[in-house]
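Take a look at the structure set out below.
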Amino acid sequence: MTQEGKLEQQFLDYLHSERNYSVNTSTAYENDLLDFRRFLNEQAIETYQQVTFLDVRIYLTELKQKSFSRTTVARKISSLRSFYTFLLRENVIAENPFTYVSHAKNQLRLPKFFYSEEMEALFQVVYEDNETLTLRDRVLLEVLYGTGIRVSECAGILLPDLDTSYQAILIRGKGNKERYVPFGVYAEDAITDYLPKRTELMTRYKKSHDALLVNHYGDPLTTRGIRYCLTKIISKASLTRKIHPHMLRHTFATDLLNNGADMRTVQELLGHASLASTQIYTHVTKEHLKSTYMKHHPRA
């Protein structure tokens with residue numbers, strides 16, 4: 001059995017043993033995987049790790065040309081997204097090329113981002129006072145927006161990871177890949193103001209660890225804890241539309257591209273294994289430009 005065949009079998013075993021899927025459902029998943037592997041062979045793509053977002057778009061086009069029903073296409077994409085989510089969980093791949101594919105309409109599902117006035121409202125919340133947890137939230141927001149790192153990566157930052165002389169942070173990303181990301185003066189000032197308060201809090205509760213971000217008991221702030229803190233900040237800012245913390249990462253990438261950053265640099269900063277994962281943000285900026293034009297130009 002090939003390595004790709006082994007991965008498929010591991011996934012099918014997972015569906016049967018952990019998800020309790022029926023034989024018929026597992027068979028449908030297996031057929032969808034086989035169909036996709038035939039496509040990869042035709043494209044001379046040897047491994048599942050080599051698949052990019054653009055390959056997925058080509059596959060979707062092929063399914064459409066074969067006149068599959070919308071329901072069938074939706075099922076196939078759902079099967080493959082689940083398979084790649086499994087590979088991601090098993091650290092076989094670093095990025096899921098099916099993440100931003102909307103199977104319902106065979107269109108791009110564009111990442112949502114914060115508008116400038118929304119970012120201003122968020123920052124107003126974390127600069128309203130200099131209490132310990134407010135300073136912690138200030139670091140949280142400045143670092144997430146200023147570096148574009150994932151929430152899970154932010155939770156993993158240790159004090160030795162901070163290189164203040166170069167204004168950079170060592171980040172451990174997906175698949176335990178390490179990268180350095182720069183941070184600006186706002187994040188640096190926020191960290192400088194926060195660290196003495198962090199020390200006081202940890203001393204009070206007799207805690208000893210290197211995690212940069214701590215909760216109100218001085219323990220390391222978990223990924224779940226960060227999401228909770230961000231949700232509270234968003235709530236205090238009285239933002240009305242549906243918002244999630246990962247939008248800070250989307251906003252980081254979108255703002256860089258809108259201000260002239262090149263794609264390769266943004267890819268490296270985000271820690272994307274494939275450039276195709278970063279190219280999604282060019283669609284966001286184009287949509288934003290179009291909507292701004294349609295809204296403000298007198299002859300739009």
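Backbone N, Cα and C define each Cβ position, glycine as well.
Swiss-Prot lists 2-88 with the feature domain 'Core-binding (CB)', giving sequence analysis as the kind of evidence. According to DSSP, the domain 'Core-binding (CB)' (2-88) comprises 70 helix, 0 strand, 17 coil.
Positions annotated as domain 'Tyr recombinase' by Swiss-Prot: 109-294.
Here Swiss-Prot flags R150 (among others) as active site. Classification of R150 (active site) by DSSP places it in coil, neither helical nor stranded.
The annotation active site is assigned in Swiss-Prot to K174 (among others). In the three-state DSSP classification, K174 (active site) falls within a helix.
Here H246 (active site) comes close to R150, V151: these same-chain residues lie at least six apart in sequence, with C-beta atoms under 8 angstroms from its C-beta. Per Swiss-Prot, the feature active site maps to H246 (among others); the stated evidence is sequence analysis.
Taken residue by residue with DSSP, R249 (active site) is part of a helix. Same-chain residues at least 6 positions away in sequence with a Cβ under 8 Å from that of R249 (active site) are, in sequence order, L144, G148, I149, R150, L270. If you look up Swiss-Prot, you'll see R249 (among others) marked as active site.
Applying an 8 A CB threshold to same-chain residues 6+ apart, the list for H272 (active site) reads A94, E95, T278. Residues or ranges marked as active site in Swiss-Prot: H272 (among others).
Taken residue by residue with DSSP, Y281 (active site, O-(3'-phospho-DNA)-tyrosine intermediate) is part of a helix. Around the Cβ of Y281 (active site, O-(3'-phospho-DNA)-tyrosine intermediate), the number of neighbouring Cβ atoms within 10 Å comes to 25. Taken from Swiss-Prot, the feature active site, O-(3'-phospho-DNA)-tyrosine intermediate covers Y281.
For the pair Y281 (active site, O-(3'-phospho-DNA)-tyrosine intermediate) and K174 (active site), the C-alpha distance works out to 20 angstrom. Comparing Cβ neighbour counts within 10 Å across the active-site residues R150, K174, the minimum falls on K174.
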